[in-house]
Amino acid sequence: MLSVAARSGPFAPVLSATSRGVAGALRPLVQATVPATPEQPVLDLKRPFLSRESLSGQAVRRPLVASVGLNVPASVCYSHTDIKVPDFSEYRRLEVLDSTKSSRESSEARKGFSYLVTGVTTVGVAYAAKNAVTQFVSSMSASADVLALAKIEIKLSDIPEGKNMAFKWRGKPLFVRHRTQKEIEQEAAVELSQLRDPQHDLDRVKKPEWVILIGVCTHLGCVPIANAGDFGGYYCPCHGSHYDASGRIRLGPAPLNLEVPTYEFTSDDMVIVG
């Protein structure tokens, strides 16, 4: 085949391109060698990575646009003329608009104005809070109909001399006693040293002939019986407490005298309790 390709003349390249070789039985005398690949470069581990040469690529190579330091004033880059630098002059006071002047000269006036605004605000808030608290507390107070029942008018001409009448006042029994002249003199002559809860008769009445008491025993809250007991005043049937005609404890376990409510004589024939 090779000889035919060599004799073909101008067709030799075509014939040689389409030819193929057939392996013979003879072994080659020289072994074929494979070309060696180039070796990879070995890094020098002894060379420090953070060196001037290794960091030179990260260094700034252009002019600085801003710098800040202890002795270096801050600078602004005006490379873009369409960017407006923030100006807070509208929010600053007139005394501190000039940056070349010291603010200590106007500090007293500025502090005084701040204190004035704070004080006025505090007073306003306190006044509003006072009104709110007053309305809240008044909403929990008794209504007008309840306050009307808090006072009771008693016509004294309906109570004969030497008698005791009971009324209901604020859910409690109220005793109104029309004393005789003998009872008045008897209670006024009692020595205070004989009393467990010392109190003179004149200190418990506004008019000697009228005694107004709350009919609740000071021991355990029972209702005493009028015109009874060893002293002719009131007697508690629960535990045997004896009161005189002035409502003072004279005998028994009760520790205190009968309570005297607040009352006022509006006329000779009318008294208002409460």
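Heads up, the Cβ atoms here are built off N, Cα and C, so glycines get one too.
As written in Swiss-Prot, here are the features:
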{"type": "TOPO_DOM", "residues": "79-103", "note": "topological domain 'Mitochondrial matrix'"}
{"type": "TRANSMEM", "residues": "104-140", "note": "transmembrane segment"}
{"type": "TOPO_DOM", "residues": "141-274", "note": "topological domain 'Mitochondrial intermembrane'"}
{"type": "DOMAIN", "residues": "187-272", "note": "domain 'Rieske'"}
{"type": "BINDING", "residues": "Cys217, His219, Cys236, His239, Ser241", "note": "[2Fe-2S] cluster binding site"}
{"type": "DISULFID", "residues": "Cys222-Cys238", "note": "disulfide bond"}
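The Cβ of Cys238 (disulfide bond) lies under 8 Å from the Cβ of Cys217, His219, Leu220, Cys222, each of these being in the same chain and 6 or more residues away along the sequence. Sequence-distant contacts of the transmembrane segment (104-140) (same chain, at least 6 residues past either end, Cβ-Cβ under 8 Å): 93, 95-96. Ser241 ([2Fe-2S] cluster binding site) counts 24 other C-beta atoms within 10 Å of its own C-beta, drawing on all protein chains shown. Each residue in the topological domain 'Mitochondrial matrix' (79-103) gets a DSSP state, and the totals come to 6 helix, 0 strand, 19 coil. Shown in sequence order, Cys217, His219, Cys222, Val223, Pro224, Ile225, His242, Tyr243, Gly252, Ala254 are the residues of the chain, 6+ apart in sequence, with a C-beta less than 8 angstroms from the C-beta of Cys236 ([2Fe-2S] cluster binding site). Ranking the recorded positions Cys217, Cys222 by C-beta neighbours within 10 Å puts Cys217 at the top. Looking only at the topological domain 'Mitochondrial matrix' (79-103), the predicted model's pLDDT averages out at 75.
Sequence-ordered, the extra residues of this chain that approach the [2Fe-2S] cluster site, with Cβ no more than 8 Å from the Cβ center of Cys217, His219, Cys236, His239, Ser241, are Thr218, Leu220, Cys222, Pro224, Cys238, Gly240, Gly252, Pro253, Ala254. DSSP assigns Cys236 ([2Fe-2S] cluster binding site) to a strand in the three-state reduction. The most densely surrounded of the binding-site residues His219, His239, judged by C-beta neighbours within 10 angstroms, is His219.
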